[in-house]
Structure formats: structure tokens, C-alpha cells
Amino acid sequence: MRVRNKPWAPELIEAHPEKIVEKGQAFKGQWNQRFEKEQPIFIEVGTGKGQFIINMAKKYPQYNFIGIEIQKTVIAIALKNALEEEIPNLQFLYADGAELTDYFEDGEVSKVFLNFSDPWPKTRHEKRRLTFKTFLKVYEQILVKNGEVEFKTDNQGLFEYSLYSLNNYGMTFEGVWLDLHNSEENEDNVETEYEHKFSAKGQPIYKLKAHF
């Protein structure tokens with residue numbers, strides 16, 4: 001997702017250090033200090049404009065959520081949306097998802113969400129896919145024992161690749177849905193911006209849950 005730069009984005013981020021972190025290394029192993037309560041931490045890698053992570057935090061106050069995004073304007077939009085309400089169990093991290101071990105201690109995270117990630121369809125770009133084995137190794141390191149990954153996409157090719165990649169890594173599947181919105185799993189589903197857009201066009205949404 002490429003969004004035109006917003007001139008107000010840097011200023012908004014700088015104005016709210018209580019809600020967004022730009023130097024994640026400073027909080028490695030101490031993320032719960034940024035929340036009102038010490039609770040299991042769930043992260044979303046590639047949080048976009050924040051619809052998913054904001055609504056998840058509101059729906060599940062018993063968990064702490066961190067939305068991670070590498071594009072400054074995009075995360076500024078997410079921050080702006082989040083500031084419209086008081087959501088004490090939500091934080092944002094402006095950072096590269098490929099460097100999670102720099103920002104989180106081993107076992108500091110309880111769950112990783114990957115939603116509508118860039119499919120990087122060309123073979124030479126395989127290593128950039130967020131379900132490539134090097135990313136899985138990173139998730140395994142920062143997650144608690146038997147930590148869980150949830151992945152949603154509209155891209156059948158990426159989903160098939162991800163099933164193959166997670167299986168080869170030795171992960172255990174808890175569930176696989178080839179048409180999420182026409183399944184019982186959809187009862188508790190929280191949509192992303194992309195998900196709402198694609199499902200409205202009749203595009204099936206794919207989902208998996210797996211743990212290490």
C-alpha cells in the first residue's frame with residue numbers, strides 16, 4: 001500500500017510519544033511498561049491505516065496490542081484514527097517488520113497477526129514475503145513458547161505458499177479457512193481495510209492459524 005505523503009504526518013507522530021514509538025530498541029523487553037496493565041502482547045506486522053488493530057484492541061481489552069508499520073504517512077493515519085478514542089491497550093511502532101528481534105525480547109510477544117501482506121509474486125522476491133522462513137524464525141524467537149501466528153489474505157498464490165512455508169518450518173496448523181466469510185470462524189472476525197474492500201467484491205478471504 002503506497003500512500004501519498006501527508007505533510008502533517010511527522011508532526012503528529014512527534015506530538016504523541018505516549019502512543020507511538022519511533023525507536024523500538026529503547027523498549028525491548030519493557031513494552032508492557034507503555035500500557036496501563038501488564039497483559040499478553042499481540043502485534044500486527046504491517047498495520048496499515050489501523051482498522052484491524054484498533055478494533056481488536058477495543059474488542060479484547062484483556063490483551064495489549066502493538067501495530068507495526070514501516071511507512072510513516074500510513075502509520076500516522078493509523079495513529080490519527082486511534083486518537084479519536086481512548087484505547088489504553090493500544091500502541092504503535094514505526095519500524096521495519098524485518099527487524100523485530102531488535103525491538104522485542106525473546107518470548108515477549110504472545111501472538112503475531114499478518115494481514116494482507118504484500119504477496120511479492122516474483123520468485124526473486126521470495127525472501128521479502130512475511131511468511132518466508134527467515135521471518136518465521138524471527139516470529140518464533142520473539143513469541144512465547146507455542147506462540148501463534150494468524151494470517152489473512154485475498155491472494156491465493158501467497159496463501160498456498162504460506163501453507164507450504166509454515167508446514168516446512170514445522171509449525172502446527174490450528175485452522176485453515178479457504179472462504180473465511182462463509183465459515184463459522186467469521187463470527188469473531190475483525191476486518192481490515194483491504195479485507196472489507198475485497199470481500200465486498202465477492203473475493204474469498206483466506207485465513208490460517210498456526211503455532212510453533
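Glycine too: its Cβ is placed from the backbone N, Cα and C atoms.
Copied over from Swiss-Prot:
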- E44, E69, D96, D118: S-adenosyl-L-methionine binding site (BINDING)
- D118: active site (ACT_SITE)
- K122, D154, T192, E193, Y194, E195: substrate binding site (BINDING)
- 124-129: region 'Interaction with RNA' (REGION)
Which of the binding-site residues K122, T192, E193, Y194, E195 has its Cα closest in space to the Cα of E44 (S-adenosyl-L-methionine binding site)?
T192
Do me a favour and check the Cα-Cα span between D118 (S-adenosyl-L-methionine binding site) and E195 (substrate binding site); whole Å is fine.
13
Just to confirm: which same-chain residues, 6+ apart in sequence, have a Cβ under 8 Å from the Cβ of E69 (S-adenosyl-L-methionine binding site)?
G46, T47, G48, I75, A78, F92, L93, Y94, A95
Among all protein chains shown, how many Cβ atoms are found within 10 Å of the Cβ of K122 (substrate binding site), not counting that one?
8
Note on S-adenosyl-L-methionine: the CB centroid of E44, E69, D96, D118 has further same-chain residues inside 8 Å, namely V45, G46, T47, G48, I68, I70, Q71, G97, S117, L130
Listed S-adenosyl-L-methionine-binding residues E44, E69, D96, D118 - what's their greatest C-alpha to C-alpha distance in Å?
14
Widest Cα pair spacing in Å over the listed substrate contacts K122, D154, T192, E193, Y194, E195 is 25
Excluding its own, the Cβ atoms lying within 10 Å of the Cβ of E193 (substrate binding site) add up to 15
What are the non-local neighbours of E195 (substrate binding site), defined as same-chain residues 6+ apart in sequence with CB under 8 A from its CB?
F52, N115, F116, K152, D154, I205
Of E44, D96, D118, D154, which of the binding-site residues has the most Cβ neighbours inside 10 Å?
E44
If you measure K122 (substrate binding site) to D96 (S-adenosyl-L-methionine binding site) at Cα, how many Å is it?
21
Express the distance between the Cα positions of E193 (substrate binding site) and D96 (S-adenosyl-L-methionine binding site) as a whole number of Å.
21
